[in-house]
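Engineer: Please see the structure below; I have some questions.
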Amino acid sequence: MGNSSATGDGGLLAGRGPESLGTGTGLGGAGAAALVGGVLLIGMVLAGNSLVCVSVASERILQTPTNYFIVSLAAADLLLAVLVLPLFVYSEVQGGVWLLSPRLCDTLMAMDVMLCTASIFNLCAISVDRFVAVTVPLRYNQQGQCQLLLIAATWLLSAAVAAPVVCGLNDVPGRDPTVCCLEDRDYVVYSSICSFFLPCPLMLLLYWATFRGLRRWEAARHTKLHSRAPRRPSGPGPPVSDPTQGPLFSDCPPPSPSLRTSPTVSSRPESDLSQSPCSPGCLLPDAALAQPPAPSSRRKRGAKITGRERKAMRVLPVVVGAFLMCWTPFFVVHITRALCPACFVSPRLVSAVTWLGYVNSALNPIIYTIFNAEFRSVFRKTLRLRC
């Protein structure tokens, strides 16, 4: 990376100077609006995402693999509200002027990059998890620790993307101490590609493949259920017997005493059953045809988990769509200013797209409440207990 300064061209916190929105000497109308809006936004992010974390931790019905990633996403939003938003609002109230130390600015930039990247990487991790769950469900169900490892990987990669900022990348000659931004244009391009422009297409591709595979699985399951339905005769003639439908007796001799006295056949060895005096065309009673219940119970348990996960997946396109709607304008403006220093971008536009990106942190709990009945009922229960 080079050391070309991006001062005045904006970073993840807009990076505006005193000339942009105000003089920095008083709390004008724009500063008051920023203060009120910032306090409301911080309160909504803290309340909503805390409710998500408490609900998943306290209710077993919400403790699914998908919701573990949602908790990680909520944790990123909570950290953003605690570590980034207060200083961002402070800068906005001052009209874009940074009055604190440059070292604090660098820490703020690094936290902003890391948490924004963590949000995107968590959504990518959900797409990977859902893709594996749909394409190789049997192997997926046996790997209970994979979700935690994937979540840990998202945070480590996010920290790696943000690390250059705290390692001195922002310490460039002639730095303006009144502007808090990313100073290196090469790093702005690098972080934008790693944090947004590379993972987002991959995430969308995985979601497309996941929902396509899910539709195929449901179609195959529907066809299989119909093929197992009892067949009714379409015309005169002897009824067609279905060996899976109840007991049919055809010229069978009486059962042996061992069969009459034994309450279940599952305790008999297979050799006893193979010596049954039935003719090849006859069928034994239901008891003799009983199968061990363990595989069936496992299949039913897997079906229940799959059904719950399918319900959880319905909210994911809305979460991803809201994220892209809120953050795409910011990253487009962000990388445009880095690649085209001569291009003029209004400071007010920079401020608007930055606010829009941060608003996304407050949207996810609202989305869960509207589009997920399980979250909605648990939210109500949790709020009643806390009030």
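Keep in mind that glycine also has a Cβ here, set from the backbone N, Cα and C atoms.
So Swiss-Prot lists these for the protein:
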| type | residues | note |
| --- | --- | --- |
| TOPO_DOM | 1-34 | topological domain 'Extracellular' |
| CARBOHYD | N3 | N-linked glycosylation site |
| TOPO_DOM | 58-67 | topological domain 'Cytoplasmic' |
| BINDING | D77, S119 | Na(+) binding site |
| TOPO_DOM | 91-106 | topological domain 'Extracellular' |
| TOPO_DOM | 129-146 | topological domain 'Cytoplasmic' |
| TOPO_DOM | 171-186 | topological domain 'Extracellular' |
| TOPO_DOM | 209-314 | topological domain 'Cytoplasmic' |
| COMPBIAS | 258-268 | compositional bias 'Low complexity' |
| TOPO_DOM | 338-346 | topological domain 'Extracellular' |
| TOPO_DOM | 370-387 | topological domain 'Cytoplasmic' |
| LIPID | C387 | S-palmitoyl cysteine |
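I'm curious about the neighbourhood of these features; can you describe it?
Structural biologist: If you average pLDDT over the topological domain 'Extracellular' (1-34) in this model, you get 53.
For S119 (Na(+) binding site), applying a Cβ distance below 8 Å and a minimum sequence separation of six or more within one chain yields L73, A76, D77, F323, N360, S361.
Taken residue by residue, the topological domain 'Extracellular' (338-346) breaks down under DSSP into 2 helix, 0 strand, 7 coil.
Tertiary proximity for the topological domain 'Cytoplasmic' (370-387) is limited to same-chain residues at least six positions away from its ends with a CB under 8 Å from its CB atoms, namely 51-52, 54-55, 58-59, 61-62, 311-312, 314-315, 318.
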Engineer: Near D77 (Na(+) binding site), how many other Cβ atoms are within 10 Å of its Cβ?
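Structural biologist: I count 26 other Cβ atoms within 10 Å of it.
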Engineer: Should D77 (Na(+) binding site) be counted as helix, strand, or coil on the basis of DSSP?
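Structural biologist: Reduced to three states, the DSSP call for D77 (Na(+) binding site) is helix.
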